[in-house]
Amino acid sequence: MDQNQIEALVDAARNVRQHAYCPYSHFPVGCALLSQDGKIFTGVNVENVSFGATNCAERSALFTAASLGYRPGFIKAIAVTGATEDFLPPCSICRQVLVEWADPETPVFLTRNDGQIKRLKLLDLAPYSFTQMN
Ligand code: THU
């Protein structure tokens, strides 16, 4: 991925944050997934009064792509953004979902308020993960 593609993906994650539904945490998060066929799928956190029924931005983006017919292996890169001092990583539930859908080498771009972007691999976020039952 070149720098322009990375910035376009991160911008998509930043821009979609305006649609977050987060009346409880007031912590909008945006995620953008780049597909192998060059499309960008975005998602936001959608909270619920029960708290536990909240859906994170990462799963919202992924479930949108799944609903359109995309299947494991479709993800080329992942970007996550929130208004945070330090880099905002996906929660552990989202990591578990992502490892089923993306290769361990998939680049993950994390952002922080000062505009810096950190590049990791999904494997860095979810080593030794549960991926199959046989
Ligand atoms: N959240 C996300 O959407 N993604 C993350 O990576 C971290 C947390 C959301 C869940 C909840 O709506 C709010 O941020 C506070 O935890």
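A Cβ is built for glycine as well, from the same backbone N, Cα and C atoms used for every other residue.
Within the domain 'CMP/dCMP-type deaminase' (4-133), the DSSP-based counts of helix, strand and coil residues read 41 helix, 33 strand, 56 coil. Taken from TrEMBL, the feature domain 'CMP/dCMP-type deaminase' applies to 4-133.
Of all Cβ atoms in the shown protein chains, 17 besides its own fall within 10 Å of the Cβ of C91 (Zn(2+) binding site). As annotated by TrEMBL, Zn(2+) binding site applies to C56, C91, C94.
Annotation source TrEMBL lists active site, proton donor at E58.
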What is the one among the binding-site residues C56, C94 whose Cβ has the most other Cβ atoms less than or equal to 10 Å away?
C94
